Amino acid sequence: MDPLQLLQPLEAEIKGTKLKAHWDSGATITCVPQAFLEEEVPIKNIWIKTIHGEKEQPVYYLTFKIQGRKVEAEVISSPYDYILVSPSDIPWLMKKPLQLTTLVPLQEYEERLLKQTMLTGSYKEKLQSLFLKYDALWQHWENQVGHRRIKPHHIATGTVNPRPQKQYPINPKAKASIQTVINDLLKQGVLIQQNSIMNTPVYPVPKPDGKWRMVLDYREVNKTIPLIAAQNQHSAGILSSIFRGKYKTTLDLSNGFWAHSITPESYWLTAFTWLGQQYCWTRLPQGFLNSPALFTADVVDLLKEVPNVQVYVDDIYISHDDPREHLEQLEKVFSLLLNAGYVVSLKKSEIAQHEVEFLGFNITKEGRGLTETFKQKLLNITPPRDLKQLQSILGLLNFARNFIPNFSELVKPLYNIIATANGKYITWTTDNSQQLQNIISMLNSAENLEERNPEVRLIMKVNTSPSAGYIRFYNEFAKRPIMYLNYVYTKAEVKFTNTEKLLTTIHKGLIKALDLGMGQEILVYSPIVSMTKIQKTPLPERKALPIRWITWMSYLEDPRIQFHYDKTLPELQQVPTVTDDIIAKIKHPSEFSMVFYTDGSAIKHPNVNKSHNAGMGIAQVQFKPEFTVINTWSIPLGDHTAQLAEVAAVEFACKKALKIDGPVLIVTDSFYVAESVNKELPYWQSNGFFNNKKKPLKHVSKWKSIADCIQLKPDIIIIHEKGHQPTASTFHTEGNNLADKLATQGSYVVNINTTPSLDAELDQLLQGQYPKGFPKHYQYQLENGQVMVTRPNGKRIIPPKSDRPQIILQAHNIAHTGRDSTFLKVSSKYWWPNLRKDVVKVIRQCKQCLVTNAATLAAPPILRPERPVKPFDKFFIDYIGPLPPSNGYLHVLVVVDSMTGFVWLYPTKAPSTSATVKALNMLTSIAVPKVIHSDQGAAFTSATFADWAKNKGIQLEFSTPYHPQSSGKVERKNSDIKRLLTKLLVGRPAKWYDLLPVVQLALNNSYSPSSKYTPHQLLFGIDSNTPFANSDTLDLSREEELSLLQEIRSSLYLPSTPPASIRAWSPSVGQLVQERVARPASLRPRWHKPTPVLEVINPRAVVILDHLGNRRTVSVDNLKLTAYQKDGTPNESAAVVAMEKDE
């Protein structure tokens, strides 16, 4: 504007009122008429200096217009009827041509865009005219910054200020570029020279064109800055939701952060030092924690009315099918950006093209692919010389990780170099160079990926190899994948079974799939035949921790996920073949025709001329599916070692197996024998049965015999099972203990005919070695093949360990007696250490006792819910019915206010969600509750009801199943309603509909024995106009009514929680509990099998795995503590496994 024109009045507008404004070159703050500030709230006070002296005046923040342009500025009041405008508030009025250091070749950029555009004819001419019309929008100078005309941002810090940081050493080559940037920003007011107690180091970063970018390390500042809730949408979500029209445009907002002003109170936080001078930012700095979110939120809000627009930080994407519509919307975007004060860089923009680059990908009609720029960067990669270069290369490769099926496996050797680096020095080999080139070649030839279609279901295909898992995502019915995922197993996961590896891969894939699903179902295809059957995988066959299994199994209950078996998975046929581990090969014992348990033992020979006396034990059993002994052998071997006895026992079992049709399993507790058979025997056969030192094997005849048997019958499987394990800890414990007992007996047979009843423990006892628990002052001797102990109360038999559970069980099963009775019965004939504990262990495995015995301990006392402080804070709702049909209605919805007990009754034809919502909509026209409590009926747990409550801002609460005490208030009202209706409808039960208003009025005016008031009095403060009403309250003024109401409510008290019974138990995590059977029939079990407590919600509610394997919240009233748990500790897992297997 010509300076002479500033003498003329300017057109202004405040709150719709037009008035005049005058330019005042001496004004430091704008002054507006007092009348426009009467309803405004001052933000601070300042001292104003005029010709009459200094005066303190309040400052307001006001929005008004000057010359039709919106101005937001700090103002003070004036007595005049016009505005005095400060030049700093309307700098654009006297705008001088911008002069910065480097002019950009704008003409070349426009010519390039016109040449590359897919627009033709008049549309192309229209685009050229838009370039001229919006010339002020384009970036003309490097480092040119816009000015967003909005309220400045305030940078809030926490209670602790950030610590100033020292400046890093600066590369001398960067100084010239950084100084140019600082000079240009000073000219535009983006930087000011100002001292501060804070300092942030400058970190110059080289650009591809040889210049340097000024970056500041704000990490210390960001530690103290609260993260705002609104954050940028993930790029994957944006790519899946963009419109892919024929014409696509991308715009780059130049230096967008620097267009947003910050408050002067925030300047000090942004300070940095350059060449001895300290500077502060007046705009949002790059590197500040909340800059991307604040900037993106503004641009998104600015362009929200324009269709088919997506924004990610400073990148804008626009697409349409029609060229005319595309140009019209482009002009609208240009206009909005110009008026908002932004600047667009045409250097990085692409306009009206069929393929554009957005978020680092090449966007096409079908999907996304790697850009030519990215591929060129890959081709320019050279072998790294130090650790930093290697990390930079891996970061570049990682951007394209979803384009290769086995990316993680390919880059793992390169990541291993980082782990072995010595400081910044790395060891790089020709193999590493070959691997790097292989990855680059695969990425450059990678096909485009399809984008996620939110209208169809998501397909996830999973497979595994011994070292990694492979995942592919598809849109339903599509052939092109959305992305690939590759997961390399950890050292622990490599040891998993194949099923567990697949479950691990599924878990990793579902974490991503739940993001990609976009509300649609997820169909998971894998080589697992049945996901439900793997829940029954025995504990011994599980190598993963139980917490992993719980996580994996939780997916079976997710309604968003469906699992399918796919034997072929043709897309994954190139994956290396999956090799089975030993656990995966071994079937359940019931799948074998016969199972042999073998063991060998040796003792010191009683003849001094001989060193040992060995024996072997073999047990032939079948699982039908119960453990059933077919035959046993206890064979003395004479003067031999225990090792020979172990080999001889396996040889004996192999010879017996030759006579059996079908697969045979041989179990030995000798690791040496099992490993030798499975790994070394083929080598021994090939080299003539010599060991690694080329010496003949010991017991070579027996190894040859075993090799011949396996060759004649290849379906003989020999495995190792650790011996002397707790009872029922694995499938093979019982058979192993039996074989151990037989082997010990065989080793004691020298020249006698009686087979002693011994095992390894009793063998030590007879040799004068006292195992733990056997007192030394007792006398122990072998009599008639049994070990006897002489104690003060007489002689007793000490049975072998393997026989003890059966002895206890036999005594207990006579009458299913309790602990003490069973103990007395057993101890009358037998004795061993910890006999009483063993009795408890065996009894608590008795399934019949566990599911039928009554609870021995009482539940904790009922918790009193807190009474709400106001009416309408919380409602209890429930249905009564079905009742006899009356006017077409069968049910009544009962709504009770928790604070007052006031009741509303709504007749309904069915207890449905729609009927519930309809009734509650009428009630919420009076007031909206904060909480609604109900049982878990279908009408209250549906998604429709949840959506209705969410829209109303209501929180839903549910009581635990089979526990009406949780909704005691509404349950008591239900009984009162039924009782009253029954009395009023004697002889005419179908007339209840007409009496509902009478019942509601009666209940709301009935006195509560505990509070001494009626619900009507607690809600309104006065009586209703009914018989026996207190007439004094009907004539009170409104103030007196409110005073009386406050007095009544404050006098209420919450009944105290009753004291706990001395036999009450308190739940804790890990306790074994049993859930009550909901409706047990006569002579049927009253309790389900034991299950551990997973989580304690409160003293009255816990989370367990129910008998169907589902995670459920239940009340302790429906649980009993499993018997014989000391101090609430759980039983051994072996006991639970045994019961689960039995059930």
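Cβ from N, Cα, C; glycine included.
The model shown is predicted, which means the values in this text are computed figures rather than measured ones.
Database features (Swiss-Prot):
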{"type": "DOMAIN", "residues": "1-143", "note": "domain 'Peptidase A9'"}
{"type": "ACT_SITE", "residues": "D24", "note": "active site, for protease activity"}
{"type": "DOMAIN", "residues": "186-363", "note": "domain 'Reverse transcriptase'"}
{"type": "BINDING", "residues": "D252, D314, D315", "note": "Mg(2+) 1 binding site"}
{"type": "DOMAIN", "residues": "590-748", "note": "domain 'RNase H type-1'"}
{"type": "BINDING", "residues": "D599, E646, D669, D740", "note": "Mg(2+) 2 binding site"}
{"type": "DOMAIN", "residues": "864-1023", "note": "domain 'Integrase catalytic'"}
{"type": "BINDING", "residues": "D873, D935", "note": "Mg(2+) 3 binding site"}
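Structure with Swiss-Prot features highlighted.
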residue : record                             : contacts (Cβ under 8 Å, 6+ apart)
D24     : active site, for protease activity : L84, V85, S86, P87
D252    : Mg(2+) 1 binding site              : D314, D315, I316, V344, S345, K347, K348, S349
D599    : Mg(2+) 2 binding site              : M616, G617, A645, E646, A649, T668, D669, S670, G723, N736, A739, D740, L742, A743
D873    : Mg(2+) 3 binding site              : S898, M899, P929, K930, V931
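E646 (Mg(2+) 2 binding site) has a Cβ environment of 26 other Cβ atoms inside 10 Å.
Between the domain 'Reverse transcriptase' (186-363) and the domain 'Integrase catalytic' (864-1023), fewer than three CB pairs separated by 6 or more residues in sequence fall under 8 Å, so the two stretches do not touch.
Across all of the domain 'Integrase catalytic' (864-1023), the predicted model scores a mean pLDDT of 81.
For the binding-site residues D314, D315, D669, D740, the largest tally of other C-beta atoms within 10 A is found at D740.
When the domain 'Peptidase A9' (1-143) is classified with DSSP, helix, strand and coil residues number 43 helix, 53 strand, 47 coil.
Same-chain neighbours of the Mg(2+) 2 site beyond D599, E646, D669, D740, judged by a C-beta within 8 angstroms of the site's C-beta center, are, in sequence order, T598, G600, S601, G617, A649, T668, S670, G723, N736, A739, A743. According to its DSSP assignment, D599 (Mg(2+) 2 binding site) is in a strand.
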